[in-house]
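Quick notes on the structure that follows.
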Amino acid sequence: MIKEGKIGTMEAISISTIFLTTKAFYINPGTVIKLTGTAGWYTTQISVLGSVLLFMIVYLLMKRFPGNDLINIFDIVTGRFLGKIFSLIFCGFFVYYSGISIREFVEMIKAYILPYTPPSAIIFLFIGVVLAYAYVGLEGIARMGYISFIVILIGLILILVLPSPYYEIDNIFPMGGYGLGASIQYGLLRTSAYSEVIFLAFIVKPLQGIKNFKKVGLLSLLFAGIIIGTIILCSLLAFEYPQGGENLSALFQLSRIVYFSRFFQRIETIFIFIWVMASVITVSLTFYLSVSTFCKTFRISKHRPYLLPFAFFTFLVTLLPENISEIVQVHTNFLRSYSMFIVYLIPILVLLIAIIRGKKGVNKEGEKV
């Protein structure tokens with residue numbers, strides 16, 4: 001099996017929170033505002049609660065088989081053949097997530113910063129950086145994620161606080177948005193926007209135990225909910241919901257309106273810096289997970305020989321969308337509205353099979369749990 005080392009609790013919380021919140025740098029806040037109006041800032045908390053509930057069900061599965069990651073549990077409960085199919089579904093999901101995230105990043109870069117740069121040049125450069133991180137492995141990604149999290153958090157605070165003179169409290173009224181029913185409906189549907197937390201089930205051993213798995217998952221969901229909710233709230237305060245729903249990137253637009261004097265303006269450079277940092281960490285993690293999941297499924301001890309083939313697969317995924325409209329309406333809509341039917345449904349199905357069959361793992365003393 002792959003030797004992934006160990007990662008601390010704070011490192012795990014950092015990379016998990018970055019993973020969950022990177023979408024806030026893109027179209028996600030605008031989509032939520034468009035769907036729920038002025039209720040967007042608290043509708044996303046409904047999504048967090050839905051994901052917490054489903055995560056705890058997955059935790060019951062992990063607790064039933066202590067010391068095993070999700071790949072091993074699939075094999076134990078359903079057998080090697082079906083277990084491999086489930087594992088490969090997640091492997092494909094991580095590849096797809098990586099490719100679409102890169103393409104979304106590229107479209108944002110072209111829209112705001114480098115309109116005349118060929119997309120392929122940005123994609124190749126991005127994949128090259130991701131390959132370097134994945135070559136180092138999970139420990140390296142976690143260490144860099146911990147350092148980056150502090151920088152990203154400081155940058156976010158600056159971007160959200162500095163435009164405060166332009167905030168209008170009247171913009172969030174009426175607070176009901178398009179109605180309580182719409183808020184609950186879209187809030188529950190967009191539980192998928194926080195389903196990425198499932199990745200922790202694939203790195204239980206580096207997390208050093210099921211207790212850390214639960215702690216990291218719940219805290220990162222809490223932090224992600226607060227961060228994304230605050231970003232949506234600030235976007236509403238600054239732009240009102242009709243304009244806020246049309247913004248390609250709420251954070252970028254917030255950073256552009258800052259103007260204190262001719263010597264203190266255009267702080268979008270801060271946004272670009274932390275945006276690139278968060279995107280690289282997120283894609284590096286998902287790309288590494290795709291390779292490691294494949295290797296664990298087929299019991300391959302070294303992941304590095306498979307980096308280039310998976311980089312090629314990821315590149316192919318980046319070519320799927322024809323334009324940014326297709327990315328938003330099809331691909332990111334699937335990831336943030338419907339992916340939970342894959343990410344959560346499979347582990348829950350395996351839990352039900354384990355209960356019906358009476359399958360359980362053993363603890364450190366060799367006794368059934």
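Note: Cβ is positioned from N, Cα and C throughout, glycine not excepted.
Note that this is a predicted model, so its numbers are computed, not measured.
Taken from TrEMBL, the feature transmembrane segment applies to 7-27, 39-61, 81-100, 120-138, 145-164, 184-204, 216-239, 270-294, 306-325, 337-356.
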Using a cut-off of under 8 Å between C-beta atoms, tell me which stretch among 39-61, 81-100, 184-204, 306-325 contacts the transmembrane segment (7-27) the most.
184-204
Contact between the transmembrane segment (184-204) and the transmembrane segment (306-325) (3 or more Cβ pairs under 8 Å, separation 6+):
no
If you count every Cβ pair below 8 Å, which range out of 81-100, 120-138, 216-239, 270-294 shares the most with the transmembrane segment (306-325)?
81-100
Which sequence-distant residues neighbour the transmembrane segment (145-164)? Criterion: at least 6 residues beyond either end, Cβ under 8 Å.
8, 10-11, 14-15, 17-18, 227, 230-231, 234, 238, 251, 254-255, 257-258, 260, 267, 270-271, 273-274, 277-278, 281, 285
When you check the transmembrane segment (81-100) against the transmembrane segment (216-239), do you get at least 3 Cβ pairs under 8 Å, counting only pairs 6 or more apart in sequence?
no
State the non-local partners of the transmembrane segment (337-356) in its own chain: residues 6+ outside its ends, Cβ under 8 Å from one of its Cβ atoms.
51, 54, 57-58, 60-61, 64-65, 70, 73-74, 77-78, 86, 89-90, 93, 189-193, 195-196, 198, 201
Highest-contact recorded stretch vs the transmembrane segment (120-138), from 39-61, 216-239, 270-294, CB pairs under 8 Å:
270-294
Spatial neighbours of the transmembrane segment (216-239) far in sequence, C-beta under 8 Å, 6+ residues away:
9, 12-13, 16-17, 19-21, 23-24, 28-30, 32-33, 38, 40-42, 44-45, 47-48, 51-52, 55, 59, 156, 160, 163, 166-169, 171-172, 194, 197, 200, 207, 247, 250-251, 253-254, 257
